[in-house]
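Now, the feature entries from TrEMBL:
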type	residues	note
BINDING	A:Gly159, A:Val160, A:Ser161, A:Arg162, A:Ser163, A:Gly164, A:Lys165, A:Thr166	ADP binding site
Number of protein chains: 2
Amino acid sequence: MTDTRENTRRTVFFVSDRTGITAETLGHSLLTQFDGIDFRPVTVPFIGSKDKAETVAQRINETAAAEGVRPLVFSTLITDECREVIQAADGMYLDFFDAFIGPLEKELDKSSSHAAGRAHGVFDAETYTRRIDAMNYALANDDGVSTRHYDRAEVILVGVSRSGKTPTCLYLALHYGVYAANYPLTEDDLEDGMLPKSLKTHKDKLFGLTIDPKRLQDIRQERRPDSHYASVRQVNYEVREAEILFRRYGIPFLNTTTSSVEEIATTVIHSAGLQRRFY
Amino acid sequence: MTDTRENTRRTVFFVSDRTGITAETLGHSLLTQFDGIDFRPVTVPFIGSKDKAETVAQRINETAAAEGVRPLVFSTLITDECREVIQAADGMYLDFFDAFIGPLEKELDKSSSHAAGRAHGVFDAETYTRRIDAMNYALANDDGVSTRHYDRAEVILVGVSRSGKTPTCLYLALHYGVYAANYPLTEDDLEDGMLPKSLKTHKDKLFGLTIDPKRLQDIRQERRPDSHYASVRQVNYEVREAEILFRRYGIPFLNTTTSSVEEIATTVIHSAGLQRRFY
């Protein structure tokens, strides 16, 4: 009897001495290229000792035995001691450092430090402070609550309610340490077709978000069913006027309808020429 | 005359057809293994056409010429058309997909789809909605503002003011779509040494954050200089009582003093046994 499970289901281990975010990010990018396989992800972070690595190796072996097919193992382990243990387990071992560190050492004419815990998301007091500060800034300057601190903003997102401003600002803050404020265009702004003075002063920092009216209606309907706010007419009006206003003032803008938070944030950063810090 | 710049400075391009986050993550993990080199990162996202790729190839060539040493080029480009253009430029080309897709195709006995835009942070209406919903939940249930919706929480972070609760909740929401509330332990809670009733009901969802008093004092001092809130005495008292309370109730807790937001979030997810969704 042939076991066909191997073509449809596969357990995937992401093994890391730190958070596992790098291993997940890279592994996920690769796995999305394979359709029709049900990947079962298991992230095992903080594998910083041989003992812990041995526990993971055992889990890999047990999974292989139970499922009749060896799991995939994406590793960002740095220490040889831990890597050897995982590599010896019954999985398909894919090592992100192995593949590139050798060529890089040659190119840079330098040995790598082989030091653990340097990858993505490792504590550093200065960057931690900047990110948290940027987050506090985003929260304090969310939704037009305050327009007094726009001097400090690196970018000010402008758009109608529920066009994606708040998640983008928080993502920019937490991920990139960018100071991002946001201002919701009010009915008054839209009727006048004019930017409020607080925004005009900072015109160069403005970036507009717009959205497909149908999608916006769905989002608002979920939030306040059958309200004026969620009506087709109101939504169409707001989106149309907001886009007219963006064009009138030459504000760059993005339609967020089919964009992820990452994509919106990336577009904002590049459009606004902001520094893309990496934490 | 020997040009020694190549050992101390190097421009690094991260080239992607989408956000560039995967390329940055990979490259950064590797580059942190090389001390003493000043890497100058340049992220070039949304390279989805041959024309755009040619513009990037030209930038790579110009950089090589100007700096006298070829730049490193980390690529997550999927389409052959774009990759060939970048690969032909005067850089050290490191192709993330090239290194791993072949072995994976063999292991999975399947061709990869070679489809662009599947990697990290690509729009999907369902996951977008979940992340935004989780973010709204975190904002509405931040800082003990409301304790009525704890039924929906997957985890409730507890700790003294400025121990890292809010950034962790927002990160959990935006990155993993986790519903995380947080509750700041008040002086009343600490004096009584008792959890409020709203928390006792959800004891199994609680996770404590603590912090080194000296570091907490610095953070509070920055926020409200020379206040009672920022005094050595008050900070020592709060941290001590909070930890006593965590131990009394058997609440798992983490000292966040030297942890990044990613590390705190990873620990919370694993400690609380939450699903680690990947978006």
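Along the chain as shown, residues are numbered 1 onward.
Cβ atoms are placed via backbone N, Cα and C, with glycine included.
Remember, it's a predicted structure, so these values are computed and weren't measured experimentally.
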Quiz item: In sequence order, what residues of the same chain, 6+ apart, have a Cβ less than 8 Å from the Cβ of A:Gly159 (ADP binding site)?
Solution: A:Lys165, A:Asn182, A:Pro184, A:Leu185, A:Gly208, A:Leu209, A:Thr210, A:Ile211, A:Ala242, A:Phe253
Exercise. Let me know how many other Cβ atoms fall within 10 Å of the Cβ of A:Ser163 (ADP binding site).
Key: 29
Quiz item: Looking only at A:Arg162, A:Lys165, which of these binding-site residues has the biggest number of Cβ atoms within 10 Å around its Cβ?
Solution: A:Lys165
Practice problem: Would you list the binding-site residues among A:Gly159, A:Ser161, A:Arg162, A:Ser163, A:Lys165, A:Thr166 that come within less than 8 Å, Cβ to Cβ, of chain B, in the order they occur in the sequence, writing 'none' if nothing qualifies? | Solution: A:Thr166
Self-check item: Collapsed DSSP category at A:Arg162 (ADP binding site)
Solution: coil
Quiz prompt | For A:Val160 (ADP binding site), the number of other Cβ atoms found within 10 Å of its own Cβ | solution = 27
Exercise. Around the recorded ADP site, report the further residues of that chain (criterion: Cβ within 8 Å of the mean position of the Cβ atoms of A:Gly159, A:Val160, A:Ser161, A:Arg162, A:Ser163, A:Gly164, A:Lys165, A:Thr166; site residues excluded), sequence-ordered.
Key: A:Leu157, A:Asn182, A:Pro184, A:Leu209, A:Ile211
Quiz item: If you count other Cβ atoms within 10 Å of each one's Cβ, which of the binding-site residues A:Ser161, A:Thr166 has the most?
Solution: A:Thr166
Quiz item: Near the Cβ of A:Gly164 (ADP binding site), how many other Cβ atoms are there if near means within 10 Å?
Solution: 26
